[in-house]
Amino acid sequence: MKYTNLLITDFKSIRKRFLCQLAICFCAFLILCTIYGSMIHMGNQFGLISGKGSIWNLLAYLFMGTKYAKPEDFQFFQVPVLWCLIYLPGLFISNDFTFHILEATGIQQLVRLKARIGWWIEKLILAVLCLIFYIIVFGCALLLYCALSGIPIMGKMDLEIFAYSSSFAPIEEVTGLYWVFRLIGCPILVLFTLMFLQFAVGILAGPLLGFLASSSWLVSSTVYASPFLIGNLGMVLRDKSITDTGIQAGGCVAVCVSAIILCLFLICIAARRKDYLSKEQEDT
């Protein structure tokens, strides 16, 4: 019950900034969806494709990323701008509102919880909730755009439109569960892994370095295809089943799970250490 009251207090102190940033992200997502709609409209006008696809085609376009090219190729480094515009704001929001609580509120929380580790647990729950709200806003923006533009929400992946939007030859038919895993499960797993990483680094070295660590780990995956760079898991064109230069998703999933467990361990160790130091200072 005490954690619930503290979460309510924290949300009251950040609600204006939090709602403002979510509104900005909502508008940005609608703009990204409009880019997809313009591309599909041009394809229909020139007779390259027929139809609008489904919400799966829209998700595939947003999480397409870039194909990995070898360093000896001329254009080996291509920044997936749309891909970055989806992941980085989520990391910023979960970081920003974890550490920017009013100082007086933080002191009251420490007194009520009687331990710094309880204060950090509450902040971790707050970061998780902020990221969940961010994902919900992203989903609502997609559903609203599909409803306004007449894109089927319950339809299947249109492989013709997928090949057109990704500049790839048509791929073989895959099951619907594949797209659920690739376009919903993988991005969410990547976001939460990076959020736990920045939280752990934030306790040890500050929120700024935490954000830089998580964003660097994300953006570095644009340079090299490796299961240890989990950003590859969030890009469709880095999948081994679609392109030969991609990687197997299983390795990235294992790295994500291991990273989350390690980050939770570091969070507990760092929080207990800070709690021990604060009690030691009180005794002296």
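Glycine too: its Cβ is placed from the backbone N, Cα and C atoms.
Predicted, not measured: the structure shown is a model, and the values here were computed from it.
The transmembrane segment annotation in TrEMBL covers 18-40 (among others).
Per TrEMBL, transmembrane segment is recorded for 76-93 (among others).
According to TrEMBL, the transmembrane segment annotation covers 124-149 (among others).
Annotation comment: TrEMBL describes 187-210 (among others) as transmembrane segment.
Same-chain neighbours of the transmembrane segment (217-235): 63-66, 68, 77-80, 83-84, 87-88, 91, 186-187, 189-190, 193-194, 197, 245-249, 251-256, 259, counting only residues six or more beyond its ends whose CB sits under 8 Å from a CB of the stretch. The transmembrane segment annotation in TrEMBL covers 217-235 (among others).
Under the heading transmembrane segment, TrEMBL lists 247-271 (among others).
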Task: Which of 124-149, 187-210, 247-271 contacts the transmembrane segment (18-40) most, counting Cβ pairs under 8 Å - done: 124-149
Task: Long-range environment of the transmembrane segment (124-149) - Cβ separation under 8 angstroms, sequence gap at least 6 - done: 3, 7, 10-11, 18, 22, 25-26, 29-30, 33-34, 37, 52, 55, 58-59, 86, 89-90, 93-95, 97-98, 188, 191-192, 195, 199, 267
